[in-house]
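**Q** From TrEMBL, here are the annotated features:
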type     : residues       : note
MOD_RES  : Lys35          : N6-(pyridoxal phosphate)lysine
ACT_SITE : Lys35          : active site, proton acceptor
BINDING  : Arg130, Met292 : substrate binding site
DOMAIN   : 223-345        : domain 'Alanine racemase C-terminal'
ACT_SITE : Tyr244         : active site, proton acceptor
Amino acid sequence: MATGTLHIDLDAVLANWRALDALTGPATETGAVVKADSYGLGAGRVARHLARAGCRKFFVAAAEEGAQVREALGEGVAIHVFSGHMAGDTDIIGDLGLIPMLNSIEQVTRHFEALPGAPFGVQLDTGMNRLGMEAGEWEAVAPLVLGAGPKLVMSHLACADEPDHPMNRQQLEAFHYMTDGLDLPRSLSATGGILLGPEYHFDVTRPGIGMYGGMPFEAARPVARLSLPVVQTRDVAAGESVGYSNTWVAEIDSVIATVSAGYADGLHRTLSSKATLWADGTPCPVVGRVSMDLITVDVTHLTQVPKALDILCPEQGVDDLAEVAGTIGYEILTSLGARYTRRYSGGA
Ligand SMILES: *Cc1c(COP(=O)(O)O)cnc(C)c1O
């Protein structure tokens, strides 16, 4: 018995990708970020669906993830690795034709020595101070690197989800300063950057969360639905407590449903006595502590308890749940555990 069923709507992913693509002009190519197993939704399935619809550029965090995407897609698509060429990754990068986004002079040296002539890109730091070469380093190695024909030069915005943040323009200017005049495809924007407007689009965009139905892409179609099966239902008399540490006490005679899934499945313990599950559109409050594999829910008001209660559904999307948990939609999605049965609709 699985802890629940995670329904993933591949057609919604594709519709979101197309909607993000439509926000940029014809000269801008829309790629797709499928790192962290496509934000927990299944990199192979998502990448195949997008590739069939014409997506040709994919992005992952680490070389191992690139291998998974290559296996799903075969040749003919570009797979970029944000962490670049790390020690130990030479074989996988070389054998599978991945494109490491070189982040430092050390990585440039490693790549050119280990895999001369192999494709690569360059990642520049425009102020986020996380990955990429800074202006001084870039100036030092640019002549050598440009001679070897990078496939793409990119940077990443730190505050793109806040359109009015001055950091956006600062990074845009730094990116221009470091890349203007180079005869190379450029990429600056993820989902948030796409929404900032045409100045931020350059040649290639790299949306992730917007495709998966998350903010800041408000127009996104929801992608994930998560249903948790009811294991047991019981009557709890007024004055009795429910769950670890007796944190919830029934004020009236109540009916409590126990559903299968807990914090080991990515449903954070911070949801205890705060989250809501849904019975075909009717809200049912979580009562007591979320435990490792189980959640207790007050279903007193239901005339009939369904076989499963939803925690992600049209009434409560990933960002709604994130708000209750005190985090962001990205973390809700990427925390969804391995114990769920994943059911795909759309695609093949
Ligand atoms: C994760 C990531 C993206 C995608 O970001 P979203 O906000 O999910 O669209 C793009 N570029 C880089 C470098 C990333 O790390």
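Indices start at 1 and increase along the chain as displayed.
Glycine residues also receive a Cβ, built from the backbone N, Cα and C atoms like all the rest.
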**Q** Got a sec? Which of these recorded positions, Lys35, Arg130, Tyr244, Met292, has the most Cβ atoms within 10 Å?
**A** Lys35
**Q** Through the lens of DSSP with three states only, how would you label Tyr244 (active site, proton acceptor)?
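**A** DSSP call for Tyr244 (active site, proton acceptor): helix.
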**Q** Nearest by CA distance to Tyr244 (active site, proton acceptor): which of the recorded positions is it, out of Lys35, Arg130, Met292?
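**A** The answer is Met292.
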**Q** In the domain 'Alanine racemase C-terminal' (223-345), how many residues does DSSP put in helix, strand and coil?
**A** 24 helix, 50 strand, 49 coil
**Q** Could you pull the average pLDDT for the domain 'Alanine racemase C-terminal' (223-345)?
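**A** Summing pLDDT over the domain 'Alanine racemase C-terminal' (223-345) and dividing by its length gives 97.
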**Q** Hey, how far is the residue listed as 'N6-(pyridoxal phosphate)lysine' from Arg130 (substrate binding site), Cα to Cα, in Å?
**A** 17
**Q** Tell me the coarse DSSP state (helix, strand, coil) of Arg130 (substrate binding site).
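**A** For Arg130 (substrate binding site) - judged by DSSP and reduced to three states - the answer is coil.
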